Every structure is written in structure tokens, then in C-alpha cells.
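Beneath this line is the structure, given in C-alpha cells, with notes to follow.
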Amino acid sequence: MNPTLGLAIFLAVLLTVKGLLKPSFSPRNYKALSEVQGWKQRMAAKELARQNMDLGFKLLKKLAFYNPGRNIFLSPLSISTAFSMLCLGAQDSTLDEIKQGFNFRKMPEKDLHEGFHYIIHELTQKTQDLKLSIGNTLFIDQRLQPQRKFLEDAKNFYSAETILTNFQNLEMAQKQINDFISQKTHGKINNLIENIDPGTVMLLANYIFFRARWKHEFDPNVTKEEDFFLEKNSSVKVPMMFRSGIYQVGYDDKLSCTILEIPYQKNITAIFILPDEGKLKHLEKGLQVDTFSRWKTLLSRRVVDVSVPRLHMTGTFDLKKTLSYIGVSKIFEEHGDLTKIAPHRSLKVGEAVHKAELKMDERGTEGAAGTGAQTLPMETPLVVKIDKPYLLLIYSEKIPSVLFLGKIVNPIGK
């Protein structure tokens, strides 16, 4: 039996990422060279963010097609980061397939890893109003003896933490990993790993955790039970939050949908896309990066009466199956080439699990404290009521980049 490399992609808490790339040039030229390097990293990060959005839309369409009537929630950034890190260990057709599937093929490999390094460094924030953490942990069996260069690059580019794990005792290894994840998430995610394939010698865990409060919070005293209309002429009662305020809002005639931005603190925005009656599939088909860019041009500041369902949902997907939709499969097979991790071992990715969890309430996402007030101009408000299936993006203006992407067909369902 060939040893397998387990890959688990989780959404959780990680320590603050710090810049780890060290200059190898003289102090006199440091400023000029660092400015050039910084510019190149920003350009690479910007292109990667665009490709991450494209990946997210592709996966959302595929998952929606194969999982009709089901809530979908994922982090394209989390998935891309993990597989970009695996590019450090992949070669030949296995590497080419990842680059093709994830839209990395036109980017030099050095720019690819430096671009993700920049994204991780720039997006990681920890303040009273916002906590955003991204990172990776490698659980490695001593039998593997991985290449030092792979470990160093994983640390330098992806701030990867390395933890020795005895995969010969699968029960103990499972407990160690689950305890680690539980600790990092302050008990929010428990027993995430349900089983580990025999023969596993390494497991990679990618994390992204987001907790923020709204720039202007909803008043929980006005939240009330209202109807949310499902796709098949039925409805469920959901706690509907309400607020009147100034928001960026627009309408797309081509895709028959309303676009509403509700800002969090610190340049993070929740973007709600509400299709007209019977237009959800039409909207899904039209999802692409250029569509998102066009939406931005349609927005204007208006006084809006907003009604949004409170929700708490989890999206769990088998990436081995999901990524086959975009042509990525060799890394999971016996003939996959991961010899840059360990040249004398035949490795494959045995497990690939993506789990994303979202809690959205009156205070924000994952809860926070504080209040906010807003003075409104005297104008007739536009009414936007999110009371039927919709799409949701959580978006950072800083890179800019889509952090999370979802299709919500039932706020209280699975």
C-alpha cells in the first residue's frame, strides 16, 4: 500500500501571520528592491484574487448542479491556498493539472507563492472589531522524512506550522488533530476528522477564520419571525433582521437581480445577490468575474429598508469529488507526482475535506460587541427583503478578494 497524504481544509482560527521573506541584498539597495518586490507581490496577489473568484464561481455552479435544493457555502481562498501550497511538492503532469484547474498556469511559480504570501499577510487582522486569520498546519509522521526545502518554503510562503504526528496509531493521530483544531477554534469545531486512511504519513490543514461586527448593527429587538419562500412553492419561518440605513444597492437588468452591500468594520463587506422570482438558475449561469466587476458599477448609495434572515450554516464537501469537476484528479491517484515532498516515497492525497461555517446575526458574523447609529436623509427608502433563495459573498476590499461564497436556499436548513 502506498503511503497517502491526507489533506483537510478547515475554516478555523490560526495565529497571526507575519512576513517571513528575508532580503538577501545589501541595506543600501533594500528600499528600492523591496519596493519593486512589494509591487510584484501586489500585482501577483491581485491576479490570484481574480482567479480565486473565478474558481469560486465555477465550484458554486458545479456544486449547485449536483446538489439541487441544498445550501452551499465555501471559501475559494481557503481551497486555493491549500492547493497552491501543494504545488511546492508537485511535479510534471500533477503540477500542471493543479495549475490548469486553479487558473495558475500563466503565473510563474515564484510569483504564485509570493502572491499567496502577500494575501495571507495583508488579510490577517486582529482588532476589537475584526478578526481574520489564514494559515496552514502540516501534521507529519516521522517516517516520511520530507525534503527540508519543502518544509522551509511552506513556512516562508504560507507560514505553515509543522507538528510531528504518529500516524501508525490512527486513533491517537485523529485525537491529536481534532484537539488541535478544537483549541484553535476555541471549541467551535470539534471532531472534524472522522477517520484517517491507513498509510497516511502527512495531513495538511488549511484554516481561515472570520469574525466581524457590522459597521451599523441590526437591533435584535425588531427581529421577528417571517416567511422565507423556498424554491418549491413552500415556505419556512425564519428570524428576519431589519434595519433602515444608507447602503450601496443596485439592480442588474441582464441577470434580473438586486445587489446589496452591507459593510462590516475594516473594509470587509457582505454582498447579497437577490434574484427575481424564478431567476436563480439564470443568475447562477451568469456568474463570472466580469459580472462581479459590472455589479460594482451598478451600485449607488440609497436609503434602504433592509430585511435579512439570521442564519447559521455549515458547508462540508468532499474536495476529491468536487475538484474532479474542474479537472483536478491526479493528485488523489496512485500515479500522482508529489516527489518534491519526499523523493523516495510514492505519495497521493488520500483525504480532502472542506468545511466552512457561517453564523450571521444582528451583531455581525460570529458575534461581537458594540452599537452604531446613522443619520438618514429624508427620502423614500428602497425596500430590499431577502426572503427567497439568494447568493452571498463576503468580500475584502483590501486585496480585493472573495473570502467566502454561498448559495442560501433555506436559512434554517442544511
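Glycine is no exception: its Cβ is also placed from the backbone N, Cα and C atoms.
Within the listed segments 98-116, 174-192, 364-382, Swiss-Prot records region 'Reactive center loop' for the stretch 364-382. Looking at the region 'Reactive center loop' (364-382) alone, the prediction's average pLDDT is 51. You'll find the Cα of Asn267 (N-linked glycosylation site) roughly 38 Å from the Cα of Asn233 (N-linked glycosylation site). Distance from the CA of Asn233 (N-linked glycosylation site) to the CA of Asn221 (N-linked glycosylation site) is 30 Å. Annotation note: Asn221 (N-linked glycosylation site) sits in a helical segment as assigned by DSSP. Figure note: comparing Cβ neighbours within 10 Å for the glycosylation sites Asn221, Asn233, Asn267, the maximum is reached by Asn267.
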